[in-house]
């Protein structure tokens, strides 16, 4: 009966709507109305942004975010744009969006939408902007998107899109912006994309791309920015053709598993930004001159040799040269020579951990706005005082972040006058009359791929550009940028205030001007210098204009006769539709009704995570309860200080490990989400990946990838049938060291693990090691200005036997504390002994054996045959790591390189191949691969010292 009443109600409402149209001059096409109603049903609107979508006619009633235009051919109004940016919407994209045949802009950016992208969007052949960034969309990109022949901007970054790139996207011949970064897209970039001749910006960083780096991309004549960081290409070289892309402004291939030499880039005459760091590049830095526009050269974490070219000193705009962690030597050129640095300019030269043995006197006296870092070079050996000591000092290890600004501009005597800041007013600096107080419109925008490392020299010219006649066409004093901040990528967030023009009568924009400014930014009309790259709107802060109703102009141009005809047709259409609905209900009511259970998760939805969450899924309690058989004892696979760990089976066959916090380990919700945010940014093949979380029903759980071969502690246990070969032990040691190196040098902020031990080194199905149990409590401390301190003074939760002995004296933790713990693990790998057992100390036992010339007597006999040279060098490295004096211990990068050298001594036929999990006789959750003389092998080359994955997510973006 209730359902019958609903149908009758609908009929009455429809009839009323149709009759009310007799007084109207405008009406939305019924197909568009129906489509938007379906869209609304698929969405959840917790903040009621779409409350006016309950009105009858979308265009006539000015539905929020809906912009319409008349179509003279049928006399109806049609939906032209759908702007639903940053409205905290959840739910899914309705397939019925494909019915909005006149749609040109579809903008759902920075919401929390889930589900897949409907293939029906391929029907929107008039679409020019497809903007879906910053949601939680999953699945593959539909092939049907290749039918969007008029598309200019394809922006689906910061989602969870997987699968391969469809070749059909090569049909988007008008496309200018291809933004698919920060997803989980796999496979190779289709070479067919080289036919996208109008693409300016190709951003695919932080995905899971493999295969070759296509040389065909160099055939894109309009290409300005190519950014593919964080890919895992198959050890390919950088194509030489990339050095001849005529308009290339930025080339960013950081951490892409690239090999070979650096190509000649001298033909890239407008190149501003080069980042090919964290690869396996070899040879020398090319001597050919870079573009005079170059601001940033990042070559760090490679295998480069030779010297720094002398012509680097002739680069007038250079802001940052990073060549640390290579094998460079020779004379260091004075980069700032023949250059006058302005007060707002800054130059950073990071030369750490190379082979430089001498420096010139000029280099020892850099200007105040030049930073030189020499730590870890031979020239720094035994330096205790003087200017060289300053360049070699520990302070040069600080993480140097690009400049961030939050300025307070002096207003002089204006403070004596009244300007109600609390009411979103502010002084307009530089206005024709002093102390002009006005209400600005706030625009939060982000430069997606800027081609510089320091914004300050560009700030004034950027504001002038935005104000210029080709853009907003306002006075320069009407624009202010008093806050900007760098985010991972790197990307640049800024808050721009736009003030009304000076007037004695008014200090606010009228609604028409507010609408013009909003339209200007929302339709990507801003035209600026190529070095700034593409931009996106994060949010629009209306401030004092919250009560302003922004009316979108709609001129139907319909005659009364046409309107009446449309109304009569619409009434007939809706009456037929209503009759069909009644017939359907009567038939349906005769069927047996099925009761449906109320979903508890709808009553207790997942709390909204922080704005900058990335690549992790929020699970509800029911999902994890079902996956773990109600957290049964049979599902439990471990227990730690955080709580119990369960093996879970999620729909689709995904096997996970669920860490369930015990009562004493629960955090505040803010702290819990902060930890998730940090962990979600950490991506390295030797770190256990966080897949999701749950914060429901008083529970806090973390969902990780499942490691079927258990831990290193399991593999070293005497309970297991088959021992580990030396080659496999070295491989595990090397992978573990690489994971720790990433935490120390590439995590943002850097992390000290504090509890490295065999049980926290897990083994996947191919026996690849993954470091586990690192979290927010282990962050390297930052001072008030965001600068890294060289130690942490929190209470240690480490395990006895692995804790740095220096800590008990200084109560300080440093990266060298992790080095000590890892050294103990190395000794366990070599000897099979526990760190402390029956009064015996592993460090003391090993040192005594080595001093007596009996090193081999403590080697684990289950290792089988092995190379004594490899064992000796491995043991020497382990002992160096376990020195009581932290200064005597090597840095993690040195450890990785030495292990690579030792592993290189292992004959190819003895190296372990990547095998499937081998079940142990002792446990169903652990197993290991064993090198056998009769086995079929492939060389283990999955890791390099420089395969580091940088963080990818914005730290301010609304997520």
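Cβ coordinates come from backbone N, Cα and C, glycine included.
Straight from Swiss-Prot, the features:
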| type | residues | note |
| --- | --- | --- |
| SIGNAL | 1-24 | signal peptide |
| TOPO_DOM | 25-565 | topological domain 'Extracellular' |
| CARBOHYD | 62 | N-linked glycosylation site |
| REPEAT | 79-100 | repeat 'LRR 1' |
| CARBOHYD | 88 | N-linked glycosylation site |
| REPEAT | 101-124 | repeat 'LRR 2' |
| CARBOHYD | 102 | N-linked glycosylation site |
| CARBOHYD | 123 | N-linked glycosylation site |
| REPEAT | 125-148 | repeat 'LRR 3' |
| REPEAT | 149-172 | repeat 'LRR 4' |
| REPEAT | 173-198 | repeat 'LRR 5' |
| CARBOHYD | 182 | N-linked glycosylation site |
| REPEAT | 200-220 | repeat 'LRR 6' |
| REPEAT | 221-244 | repeat 'LRR 7' |
| REPEAT | 246-268 | repeat 'LRR 8' |
| REPEAT | 269-292 | repeat 'LRR 9' |
| CARBOHYD | 293 | N-linked glycosylation site |
| REPEAT | 294-314 | repeat 'LRR 10' |
| CARBOHYD | 311 | N-linked glycosylation site |
| REPEAT | 315-338 | repeat 'LRR 11' |
| CARBOHYD | 327 | N-linked glycosylation site |
| REPEAT | 341-366 | repeat 'LRR 12' |
| CARBOHYD | 358 | N-linked glycosylation site |
| CARBOHYD | 369 | N-linked glycosylation site |
| CARBOHYD | 510 | N-linked glycosylation site |
| TRANSMEM | 566-586 | transmembrane segment |
| TOPO_DOM | 587-959 | topological domain 'Cytoplasmic' |
| DOMAIN | 631-906 | domain 'Protein kinase' |
| BINDING | 637, 638, 639, 640, 641, 642, 643, 644, 645, 659 | ATP binding site |
| ACT_SITE | 755 | active site, proton acceptor |
C-alpha spacing of residue 311 (N-linked glycosylation site) relative to residue 293 (N-linked glycosylation site), in angstrom: 14
Folded-back contacts onto the repeat 'LRR 8' (246-268), same chain, C-beta under 8 angstroms, at least six residues removed: 205, 213, 221-240, 274-286, 288-291, 298-299, 304, 449, 451, 530-531, 533, 944, 946-950
For the repeat 'LRR 8' (246-268), mean pLDDT (0 to 100): 92
Glycosylation sites compared (62, 88, 123, 182) - highest count of Cβ atoms within 10 Å: 182
Residue 645 (ATP binding site) and residue 62 (N-linked glycosylation site), Cα-Cα, nearest whole angstrom: 52
Protein Cβ atoms within 10 Å of residue 102 (N-linked glycosylation site), excluding its own: 19
Residues of the repeat 'LRR 10' (294-314) by DSSP state, where helix covers H, G and I: 5 helix, 4 strand, 12 coil
Within the repeat 'LRR 1' (79-100), residues counted as helix, strand or coil by DSSP: 5 helix, 8 strand, 9 coil
Distant-in-sequence neighbours of the repeat 'LRR 10' (294-314), which means Cβ under 8 A and at least six residues beyond its ends: 254, 262, 271-287, 320-339, 350, 451-454, 531, 745, 945-946, 948
Minimum Cα separation from residue 643 (ATP binding site), reported as the residue among recorded positions 182, 311, 369, 510, 755 that achieves it: 755
Number of other Cβ atoms within 10 Å of the Cβ of residue 369 (N-linked glycosylation site) across all protein chains: 14
Rounded to the nearest Å - Cα separation of residue 88 (N-linked glycosylation site) and residue 182 (N-linked glycosylation site): 20
Cβ neighbour count (within 10 Å, all chains shown) around residue 327 (N-linked glycosylation site): 14
